[in-house]
Amino acid sequence: MGKSSKDKRDIYYRLAKENGYRARSAYKLIQLDELYGFLDGDARRVIDLCAAPGSWSQVISQHLTDSAGTGRRPGLLVSIDLQPMAPLPSTTQIQADLTDPATAPRILSLFHDDDGDDGEEGTGDGNGKADLVVSDGAPDVTGLHDLDTYLHHQLFHACLNLVLETLRTGGTFVAKMFRGGERELVDEMVRRYFRHVSWHKPLASRASSMEIFLVCQDFQGTSCRDAQEQAKVDQFMACGDLSAFNSQ
């Protein structure tokens, strides 16, 4: 009798245990990077949104640590979640709500403090912003597909608003999405800001899962004077802290 899809999925669970990852989802990021190469080269400042329990942060931290061993300046990962998680090398954790308007300035202040006198490798325009922002976050599942999809898209909008404030020109944004009726809308939305947009489901994703990953590369910046004004134009609604929602 052949192995069931559940048995095949357990391969990544076992690999995660063997290699010390906190969750099997680490292999989703690894496989996405193998295809798109966003951790290579210039990814020296990284933000991990909805980071707990920290498997994606582990992968990124290892990349930054390995790169530092080649003689380059150490990079910095900022991991954000409402829940605390165990420490990691080259990582600063912020226990905060990503929809809080104060969160983005906190992140940027960390990157500013990390600036070296000789300039920062990998920042492209040297403006003290992130080279890469990732999010594997999802709201608590209700079991109602339409509601779960809606809530996840609101979380994505909150992540995108933060990306508009913290990502450098030319940077990359990687986020988990749920497949649903808003895919075309989301695709059109992000193409306003990124030159290259791809959708991919890595092998490590469960076959039955509705998740798919959005890889947005070559950020073109925002057309307004600052990202907060851009958010008002787009009127992206974020679930969570209602102070971050523009109701006008």
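Keep in mind that glycine also has a Cβ here, set from the backbone N, Cα and C atoms.
Automatic, uncurated: that is what TrEMBL annotation is.
The shown structure was predicted, so the numbers you read here are calculated from the model rather than taken from an experiment.
Residues or ranges marked as domain 'Ribosomal RNA methyltransferase FtsJ' by TrEMBL: 21-219. Per TrEMBL, the feature region 'Disordered' maps to 109-129. Residues or ranges marked as compositional bias 'Acidic residues' by TrEMBL: 114-123. Taken from TrEMBL, the feature active site, proton acceptor applies to LYS176.
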- What is the average pLDDT across the domain 'Ribosomal RNA methyltransferase FtsJ' (21-219)? 89
- For LYS176 (active site, proton acceptor), what is the secondary structure state per DSSP, taken as helix, strand or coil? strand
- Taking the Cβ of the residue listed as 'active site, proton acceptor' as reference, which residues of that chain separated by at least 6 in sequence fall under 8 Å from it? SER135, ASP136, GLY137, ALA138, HIS152, GLU211, ILE212, PHE213, LEU214
